[in-house]
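Below is one structure, written out as structure tokens, with a few remarks after it.
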Amino acid sequence: MEKSSPTQYEMAISPSQSHSISCKSSGIDSEMAGDALNPREWSSARKTLLFVSLMTSSLLADGAMVWGGTLVTEQAMDWGVSVTHSATSMNYGILLQGFGGIFAVPLIEAYGRLPIWLWPQVITMFMVLGATLSNDWSTFTTFRSLQGLFGTVPQVIGLPIIHDMYSAEEWPRMINIWGTTFLVGPFLGPAIAGYIGAATDWRTSFGVLTAIYGLSTILVIIFGYETYYMPGNKARRSRFAAYFGIGNTGLPKGSTLLYWCRSIVVHVFKFPLLMTGMTILVTFTWPIGITTTIDSFLHSPPYLFDTIEASSMRFAGVVGALCGWAFGHFFNDWIFKRHHSIWRTELRLHGVWFPIGSMACGLLTYGLTMHFGKHWIGITVGWVMVNIGMVATIVAISAYALEKYPEQATCVSAILNMWRTCGGFAVGYFQPAWILRNGLGLVFGIQAAIVVTAAVLTITPVLLWEQKRRSRSVASDA
């Protein structure tokens, strides 16, 4: 089984590597060819409808979690709390996204894809409904936190489904398409929420989100199928039983759950994953902080944006994310072609240096623009540069990690997703007071310095560790 987030796994398979994987798997594919129970033999219409259903779920994973980012001012007025306090309603949900992905991995392996895709989405829909009907900040935040815990599953389950349904030659293309949901979702969601909220109110906006979740859930029920394939098993699955994980994998549940739980714990503390995970934690802390707090700055002097204007600013995030993805794509292709004769997996980590520089410059531009009250275009440019750094960095790190541990791709990318959300969770609590105490310019300048320092102190040891390990290997072979 393979898994990763969009920007993650796509770079772990360059065109050359994809061809190699294809050759290795061709024998297996030929053995399974002609089996109507094999998802790779399904009709293109059936696979397309299932894939579209997966895309809707994946868009909602991050997009729905930050849906209220453009509505915090109105909610603060409604509940009688400060805007800063209102903005923290998303924080625990962001944190629990990481842990929800970790919890999902063993369940996916033991019970199959369909039940772990469907039922958390049903629960998430009701959590959003609960948030819509909440009358105070605490109740709203509780429902939003549970939304994050259950709503993250599509970020984990997408790659196994793609791996099950498509051949090795098709993996990069389908993962690229699926991956766009993770690039645009966190920015498109708040923009749409703001547009709806500007014309109505925040409850109506969340009511629309509940309806979108309902539509997506209906698509999963109608077009979702269990994609786990058991070669040699000629018995047809019961569609109804598959919804409840009965007969999907044929694996012993207890030992399978235990194996994958142990595997996750072991891999969390592997030196390369621990160090690169720290890089992700730091590099995602500040961009997620911008995403969750920018509205409080845009609605304040000297900018005084209305909801429509503040929502439209979110498209700067989309542009930055897409540019970061493009850089990661071309860098990974270039570095592989340049060094293919003496390829070393850790070379992919050199893809972090330019993005880290872009993020540092973006943080400075963003912070100094607001500190001196300059034109909002400076905020836009800074945000684009920050997101280039965020996305391109995780492309490089994830490509390295998933290429190094390909047999544990699901486990590895769930771990990296956990580091991503842990950083974003914390910033909303300490950044507002920090800015109030030291000012925007100094705070974002320090953040830029932290990003650069953290990258050097975490990536460099991994490069040296890989070099030392290889030297020992060569010496032992001599």
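Just so it is clear, glycine is given a Cβ too, placed from its N, Cα and C backbone atoms.
Here is what TrEMBL says about this protein:
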- 1-27: region 'Disordered' (REGION)
- 48-472: domain 'Major facilitator superfamily (MFS) profile' (DOMAIN)
- 49-69: transmembrane segment (TRANSMEM)
- 89-108: transmembrane segment (TRANSMEM)
- 115-133: transmembrane segment (TRANSMEM)
- 145-163: transmembrane segment (TRANSMEM)
- 175-196: transmembrane segment (TRANSMEM)
- 208-229: transmembrane segment (TRANSMEM)
- 271-292: transmembrane segment (TRANSMEM)
- 312-331: transmembrane segment (TRANSMEM)
- 352-370: transmembrane segment (TRANSMEM)
- 376-402: transmembrane segment (TRANSMEM)
- 409-430: transmembrane segment (TRANSMEM)
- 442-465: transmembrane segment (TRANSMEM)
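Counting same-chain residues at least six beyond the ends of the transmembrane segment (208-229), those with a Cβ under 8 angstroms from any Cβ of the stretch are 32, 37-40, 42, 46, 49-50, 52-53, 56-57, 60, 64, 67, 112-114, 117-118, 121-122, 124-125, 128-129, 132, 160-161, 164-165, 193, 196, 237, 239, 242-243, 248-249. When the stretches 115-133, 145-163, 409-430 are ranked by Cβ pairs under 8 Å to the transmembrane segment (271-292), first place goes to 409-430.
Beyond the transmembrane segment (89-108), the same-chain residues lying 6 or more positions past its ends with a Cβ under 8 Å from any Cβ of the stretch are 1, 61-62, 65-66, 68-69, 72, 75, 116, 120, 137, 140-141, 144-153, 155-157, 160, 256-257, 259-261, 264, 288, 292, 410-411, 414-415, 417-422, 424-426, 428-429. Long-range Cβ contacts of the transmembrane segment (376-402) within its own chain (Cβ-Cβ under 8 Å, at least 6 residues beyond either end) map to 4-5, 7-12, 183, 272-273, 276, 279-280, 283-284, 286-287, 290, 294, 297-298, 303, 305, 313, 316-317, 319-321, 323-325, 327-329, 331-332, 345-346, 348-352, 354-370, 409, 412-413, 416, 420, 451, 455.
Put simply, of 115-133, 175-196, 312-331, 442-465, the stretch with the most CB pairs closer than 8 A to the transmembrane segment (49-69) is 175-196.
Taking every listed stretch (145-163, 175-196, 442-465) in turn, the largest tally of C-beta pairs under 8 A with the transmembrane segment (312-331) is reached by 175-196. Of the two recorded stretches, the transmembrane segment (175-196) lies close to the transmembrane segment (145-163), with three or more CB pairs under 8 Å once pairs fewer than 6 apart in sequence are set aside. Over the domain 'Major facilitator superfamily (MFS) profile' (48-472) the predicted model carries a mean pLDDT of 91.
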